[in-house]
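A.B. asks: Just dropping this structure here.
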Ligand SMILES: Nc1nc2c(ncn2[C@@H]2O[C@H](COP(=O)(O)OP(=O)(O)OP(=O)(O)O)[C@@H](O)[C@H]2O)c(=O)[nH]1
């Protein structure tokens, strides 16, 4: 919690400090001012004040006002030792101007350069530098105009005063703002740091500058006073001459008395003689003769003088300095002769010189020393009695009358006339050393010390001549070099400050940036290290020369080398210089290292690195170039141990090889068939089965080489496989060999699906079953067909009969069963031989077949017996037609080895009408019995079974 009381207390302390700083730096600044006036090359408080407003705002204005006021009062006080009303007015005026300037300047800077500021950007610093002289126009203009209107500076000095004021404030601001900010500015950390980098160099430069300025300005002042010294000497010399001239005047006058030693010097004599001398010495106000008159002689003396001057009396000054008749004294020195004698001097005739103590003293000394003695500065009796002057008194003794001569000198005239021509350039002060009284003084009130002093002895007294250059002299002889040097130097100091601000700001920023970046880098390095240390992949970083600069623990582990064994080594030479087989490759040929040159990432699924123990490590590698500012600076290589994968690969390759071999050498045909039916992999056995070479076969589809009759069933199965209804199927089918011969095979097919159960391809196993088919056919033939005639045998007949019977019953269709027995066949056999008999039998079978439709069945029951199933018989008539056709056919002779033979057949016909109760056996029996009927009826005929 902030204590409001402590804030107030702080505010008071800060205000006091600001006032103190203002007054002290102001006083110091003014000490550098060139006389006359306020022309200081630097006025630090102006800068402090503006900086204070810039930092703290307008709350500091009262302190600035007070500081300025006190400073100017102090200046006025030290000048005059007492504060006059004008001093107060000036101080108030300047305080208002200073506070206004500080307020507007601080506000403007705050507006342009936001506070808190590090004041280090060139834009801010230039803004400050441009703003400073503009801001400082305020106080200079207001204050100097004020001083002019108060009559404190001459019109002619206005511009130089204004300019030096303005420059002083500007330089004060330029120099002090950075220093003030160093002292109290925020951000504190930055400004505090700058006390060494900015404040110290600036203050040292500042101090050196001031020392140089003081030395140079002293020298310059000395130079400027050369003329003053000459003038002072001139004045002094003239004064000496003038003093001596008065001694001469009095000496010449005394000669009159020596010359007329025995006679009385008459007024006439005196007038004539002294008037000539007086003409030669116009600065002498009057030359007087005052005889010594004793009290006893007083009456006669007065009486005698009264003849010339009515109401003559010996007079003296009373307490009010009024001339009254002298009181009685032992003796008197009444002024008797006076040149010039005019209205103003006539009044002092009769005045007893000895009635005034200082003059009496001089008279006595003159008489005793017998020399010209000057009186102390004294108020002359002439005019209103206020005028200062002195008298040079010379004793006359041993002549007709004793007395004193006195030369009266009016200070204003006597010295003024002398000093007047120098008045513009030199202040003169002439002091009577003994009394300390000034005979002449045109020094200013506040000037005490002189620059030139000379002592004189005149009339037995000591006088001191002091001279001092006037403001005008200074004005005319002012050497601006030192001031200019100081101003330029201060500007340079400010400029140096500015450069230091920019420089230190830049340095601080860079330092901070470096610090921050270092932290970030450290952070990111630790993070990087942390991440990389936990990674399953090996990582190493190389510089542009392929030298390792970083490795992670996994890389060290995989390569079997410690970090120190890896760092600083060339990665390629150390563990990637040769492949498993073949000769070593150079780093330039190495694709991982070549990333440096190609500037493109390189990815390899398989590379070989070498373990320290000499064993190969199979790795996948990702080599990425590192760039900084578009310049490649190295590579980051991430590698992963793929030994496990490699083992599996080897195993797979081996198993694939075995698998291929198995397929290749399998005794059955094996094929991988794409989903659209194309053979993609086939083995030799399959090629052999279908008569195509491997290349020919894999250009074909199974559809192309499937026997057309078998295709639909095959495709049906395939569809069911694809639909997932079945996993495998088996079928016997035929392919068409390359030579167009169908070949029977047994196909076993399955489908391969990926992990998403999406069908990928078919796997087909194909077995050549041609031989089995033939065998089966033969067996079938034997089982169901008669070997001799190739007609269906009894077994087949029975099956066919069964079918016919069921179909007949099902469809309510009729069929007819013919039972045939060749007539007298035994006889043929017996006479012509068994072979002939066989021929007859085959011919009979052939003729029977030629009489029926393909849908009918002709079978040999055995011996010379045949049975025909005549399907779809609409009536007995159909059977009758066939019977007749057969008989007719049999009527044709049979050619056996060139001999014509005739054979007849007896036919028995049983027509089945769909009666479900009738069995095969019954039916056969009926046909058989009908046949017997035909035999019995004479053979070579047909009979229908009748139930009677
Ligand atoms: N050549 C030959 N003769 C056979 C074969 N099978 C049976 N036979 C003879 O066929 C003759 C059949 O005679 P039968 O039908 O009994 O007598 P048939 O001479 O035909 O007189 P009918 O039937 O009364 O006209 C027998 O002599 C059998 O030996 C055969 O496969 N080949």
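Cβ atoms are placed via backbone N, Cα and C, with glycine included.
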A.B. asks: May I ask you to indicate which of 411-434, 435-458, 459-482, 483-506 is given in TrEMBL as transmembrane segment?
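C.D. replies: Going through 411-434, 435-458, 459-482, 483-506 one by one, TrEMBL gives transmembrane segment for 483-506.
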A.B. asks: If I go by TrEMBL, the feature transmembrane segment sits on one of 46-78, 244-276. Which?
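C.D. replies: Checking TrEMBL against the ranges 46-78, 244-276, the transmembrane segment one is 46-78.
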A.B. asks: What counts of helix, strand and coil residues does DSSP assign across the domain 'PAS' (524-576)?
C.D. replies: 27 helix, 12 strand, 14 coil
A.B. asks: Pop the mean pLDDT for the domain 'PAC' (603-654) in here, whole number is fine.
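C.D. replies: Averaged over the domain 'PAC' (603-654), the predicted model reaches a pLDDT of 89.
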A.B. asks: Would you mind listing the long-range same-chain contacts of the transmembrane segment (90-109), meaning Cβ under 8 Å and 6+ residues beyond its ends?
C.D. replies: 45-46, 49-54, 57-58, 60-61, 64-66, 68-73, 76, 115, 128, 131, 135-136, 138-139, 142-143, 146-147, 150, 152, 169, 173, 177
A.B. asks: In terms of Cβ proximity under 8 Å, which residues at least six beyond the ends of the transmembrane segment (129-153) contact it?
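C.D. replies: Same-chain contacts beyond the flanks: 37, 46, 50, 86, 89-90, 93-94, 96-98, 100-101, 104-105, 108-109, 112, 161-163, 165-166, 169-170, 172-174, 177, 494-495, 498.
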A.B. asks: Restricting to the same chain and to residues at least six past its boundaries, which positions have a Cβ under 8 Å from a Cβ of the transmembrane segment (12-34)?
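C.D. replies: Here the qualifying positions are 40-45, 48-49, 52, 56, 60, 62-64, 66-68, 70-71, 74-75, 164, 168, 172, 176, 210, 213-214, 217, 474, 478, 482-483, 486.
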A.B. asks: What residues elsewhere in the chain lie close to the transmembrane segment (483-506), defined as a C-beta under 8 angstroms and at least 6 residues from its ends?
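C.D. replies: For the transmembrane segment (483-506), the nonlocal Cβ contacts are 32, 34, 39, 41-42, 118-122, 125, 128-129, 132, 164, 167, 171, 174-175, 178-179, 190, 193-194, 197-198, 201-202, 205-206, 209-210, 212-213, 216-217.
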